[in-house]
Amino acid sequence: HPSLTVRRALLVSAPGDSPGDPAADPPGQPLPVESRPFASYGSALHIGLPRAPRAGQLLTVEIDYEAGEGPGVCWLAPEQTAGKQKPYMYTQGQAVLNRSFFPCFDTPSVKCTYSASVQVPEGFTAVMSATSWEKQKDNTFVFKMSQPIPSYLIALAVGDIVSADVGPRSRVWAEPCLIEAARKEYDGVIEEFLAVGEKLFGPYVWGRYDILIMPPSFPFGGMENPCLTFVTPCLLAGDRSLVDVIIHEISHSWFGNLVTNATWGEFWLNEGFTMYAQRRISTEIYGLAYTCLEAATGRALLRQHMDNTGEDHPLNKLRVVIEPGFSLFPGVNPDDTYNETPYEKGFCFVSYLAHLVGDQSKFDAFLQAYVNRFKFQSITADDTLGFFLEYFPELKEKGVDTTPGFEFDRWLNMPGWPPYLPDLSPGEQLMKPAEELAELWAADGLNMEAIEAVDITAWRTYQLVYFLDQVLQKSPLPAGNVERLSKMYPKISKAQNAELRLRWCQIVLKNNLEAEYSKVKDFLHSQGKQKYTLPLYRAMWGGSEAARALAMESFSATAPQLHVNVQNYVKKILGLEVAE
């Protein structure tokens, strides 16, 4: 990455040189280094060796470099943290940003182990995505990752952070002001998720599963760094209602971290399988009805995304052409491919494969065999689908890969809505009442008697989210209805739960309810998660003059606390100049 400066490279040793051999290279020999063009988001580092190495020969090369200004390394001022007292730093490697943190083979097709020694000032603690962690003198922390991982999963965070145990192999890390809330949210539940995951997908190979609660500006819901998932503080809802994000990150321990997409163009291999695994675990723990409801909200997000981009947008394929594309078409930067398609369309494809098998326990057994076959490897969709057909020879015989309309090739290479949608009807018992209630609120004359007859006090988060999605689809509502809805359900309009706050803010904007604009502003000030931030800026920019003014005002106030990628996406929405 241009922000990383390589000062010099040395050949430390070339094992196989016998001591005293006059032809051996002297240790610590400086090597010529040059940077050559590669892609818009990074260059190739070329190091000249004194002579051609033999195949299979091990070399030790030391690269002296300086980094820290790049997009993969995030420096937060004290006011951007929860505690507001001390600064904080963290790295975010996915997809191609770790090249600005250290020189690496920054592709998911290469896996390696790593170790690190990190010295930090007094009063700070360092944590990494590593299997072992040791504090030594001079406030130096030493880390080792004993399993091979792709470069994007190497992560470091440094701040005023403390930990609390929440299970036999799990602890939460957070700033001191959040540690108690984090302990309460996760105490005892993590082990249950891990145990169900192991039962379904095979052994958990990473040793510990810890969680780091990030500062509010963290742009993602979670990042599945092995041994130490980074998560948004938005998950601390106080009622465990958003644990599905943790189940998602835990599911990456098998799909993504253990079996990895070899290229970012097939990101669905990480995310589609992880969504499927998440919903399998959720079904075992919370039952089918609730899981179908959660999947229905996912499907609504996919619909929204495809309506925004147009179904035939090239990113709405499961197989995307990534730069540097050796084709007539310029590829895209992998960081710009992040959208709902690999998650939810990918989930539909994996569900279609399960549907072809027709027996859940047989498909579960296949998933376990798949993980076992490809663990610690990086693979392509062809590997996955080839193994599927080999595992089920009777399906191969039937030619399921070329069934008209459902061809595997069509799934991978055609943009648009998934050819197959899994049956979510078990969720009807939870969806129907939400749909009926939304109908009542969208009516011209409100039938208050019917509305008051519906008791939503026992509804769980995803039932409320589903209800709000329906209200949003029917918005703008007839005059006065939203104001009454807001008064009637303070549990929704004054919610602290981020998923509810997002939907309520979208409803406020779609209905141009200026009286509650302050809630939009407060929500944008409280966090910087990409999935919450961008839809609200899109809604404001597509709204009234007042809504556009709110967008400009919110952005100028919160820009410094947003991740640089998120800042740039918002600037694009608002038509502002994006610095190269």
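From the backbone N, Cα and C atoms, a Cβ is placed for every residue, glycine too.
Given the structure is predicted, the values throughout are model-derived calculations rather than measurements.
Residues or ranges marked as active site, proton acceptor in TrEMBL: Glu249. The annotation active site, proton donor is assigned in TrEMBL to Tyr343. Taken from TrEMBL, the feature peptide binding site applies to Gln92, Gly93, Gln94, Pro219, Phe220, Gly221, Gly222, Met223, Glu224, Lys529, Gln530, Lys531. The Zn(2+) binding site annotation in TrEMBL covers His248, His252, Glu271. Feature annotation from TrEMBL assigns compositional bias 'Low complexity' to 13-23. The domain 'Peptidase M1 leukotriene A4 hydrolase/aminopeptidase C-terminal' annotation in TrEMBL covers 429-574. Marked as region 'Disordered' by TrEMBL: 12-35.
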Least surrounded among the binding-site residues, given as Gln92, Gln94, Gln530, when other CB atoms within 10 Å are counted: Gln530
From binding-site residues Gln92, Gln94, Glu224, the one whose Cα lies nearest His252 (Zn(2+) binding site): Glu224
Other C-beta atoms that fall within 10 angstroms of the C-beta of Gly222 (peptide binding site): 20
Pairwise CA distance, Phe220 (peptide binding site) versus Glu271 (Zn(2+) binding site), rounded so that it is a whole Å: 14
Tertiary neighbours of Tyr343 (active site, proton donor) (same chain, Cβ under 8 Å, six or more apart): Trp268, Glu271, Gly272, Met275, Gly298, Leu302
Shell list (Zn(2+); ref centroid = CB of His248, His252, Glu271; cutoff 8 A): Glu224, Glu249, Ser251, Phe255, Gly256, Asn270, Thr274, Met275, Ala277, Gln278, Tyr343
Nearest-integer angstrom distance between the alpha carbons (Cα) of His248 (Zn(2+) binding site) and Gln92 (peptide binding site): 18
Cα-proximity to Glu249 (active site, proton acceptor), 10 Å cut-off, over binding-site residues Gln92, Gln94, Glu224, Gln530: Glu224
Residue counts (helix, strand, coil, in that order) that DSSP gives for the domain 'Peptidase M1 leukotriene A4 hydrolase/aminopeptidase C-terminal' (429-574): 110 helix, 0 strand, 36 coil
Distant-in-sequence Cβ neighbours of Glu224 (peptide binding site), under 8 Å, six or more positions away: Leu153, Glu249, His252, Ser253, Gly256, Asn257
